[in-house]
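Just below is one structure, and these are the notes that go with it.
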Amino acid sequence: MRAIKALGVRERQPLPWQVVRLSGPPSPSNPQTLDPLARPPAAATTMPVMPSDATPPARAPRLALIHTGGTIASRPSPDGRGLTPQTPPALPGLEEVQVTEAQPFSLPSPHMTPAHMGQLAALIRELAPTHDGVVVTHGTDTLEETAFALHLMLDVKVPVVLTGSMRHAEEISWDGPANLLDAAHVALHPHSPGRGPLVVIGGDIFDARTVTKIHTTAVDAFGGYPGPIGRIDREGHTPRLHYFAMPEPRATYHPAHLQARVEILYAYAGWTGEGYAEAAARADGLVIAALGTGNLPAELLPLIQGTAKPVVIATRTHAGPVLPVYGYAGGGATLVEAGAIPASFLNAHKARLLLLILLGQGLTREQIQTVFERDEF
Ligand SMILES: NC(=O)C[C@H](N)C(=O)O
């Protein structure tokens, strides 16, 4: 296994941000195009990784497999203290695929930081030009955050697919090998480029913008509104892949650093602002997981009015946008009037990553507001 060292984060680009428009379904020879009229394919596609009537490729497909830890690499630790990442999983049953493995670090995903995400993005940029697809194994707890950070920072042409497992290698229902094989098939499938980083778990294919972990123990632990954009199943040994949707065009960013301090506050009935002043003083920006369409108790309104740093309003509700509709003190309309930025439909932890990346790129509060307003993510 090849270990690749930390590569650092890319230099800041002259443009503040770049909107990459992707057309679908792209062809293998032209996997990503700048097509402003790009729309989802009219019908779902069904084909094995290598269609039976396809001309065999001149060379074996090349897959980069990056291990980062998580339950998919975990076993009970010999000291009896519980599960820890130990051995990266082997990729089963993909003959005639040339696999390059890398393990930049091996972490339980609660130990992942934005710096690790930057390191991973740099490694993928290095490997992408010489591979046809990239698979990243990852713990499931923060998998959606890493997927979204890659979605925001990567503009590589080949598919990048993240997967993990909910059960470890010594459990009877270990889901690691099947998820890994599915992820590899998706990464090498000719219809996968141009959809941004994807998450494959339990046969469902999600886009990084909307996927979220919805269950602490179930094998089908991932969901999110409006749901999967595709599905992979197997007929015997033949993979059958269906895409239902093409994600909307996304923006990519090239932050100079990932060290901005962005904190999340979680709203509840009866919150009078405990913790707000301290967080606002030490952080570069705040995200609040607010109530419903983005409302807060009245006591929060003057606190937000008095904050010059960006304050993004997400929702603790599991689906739907943040909208400035209510005009009572603390209602969404009054928070926006006070300068708060609605997070659109991003959950609080994804809104935090976007804010952190935009701050790292040196965007002003007004520019940040524009990015959120226009859904440029
Ligand atoms: N299923 C998992 O991977 C959970 C684990 N705690 C992790 O995120 O590393």
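Numbers here mean position along the shown chain, with the first residue as 1.
Just so it is clear, glycine is given a Cβ too, placed from its N, Cα and C backbone atoms.
Checked against TrEMBL, the range among 22-58, 96-132 recorded as region 'Disordered' is 22-58. Cβ atoms under 8 Å from those of the region 'Disordered' (70-91) belong to residues 1, 63, 99, 101, 103, 106-109, 137-141, 143, 163-170, 176-177, 179-181, 184 of the same chain, restricted to positions at least 6 beyond its ends. The active-site residues in question are T71, T140, and the one with the fewest Cβ neighbours inside 10 Å is T140. For the domain 'Asparaginase/glutaminase C-terminal' (261-372), the model's average pLDDT works out to 98. Counted with DSSP, the region 'Disordered' (70-91) comes out as 3 helix, 6 strand, 13 coil. The separation of T71 (active site) from T140 (active site), Cα to Cα, is 8 Å.
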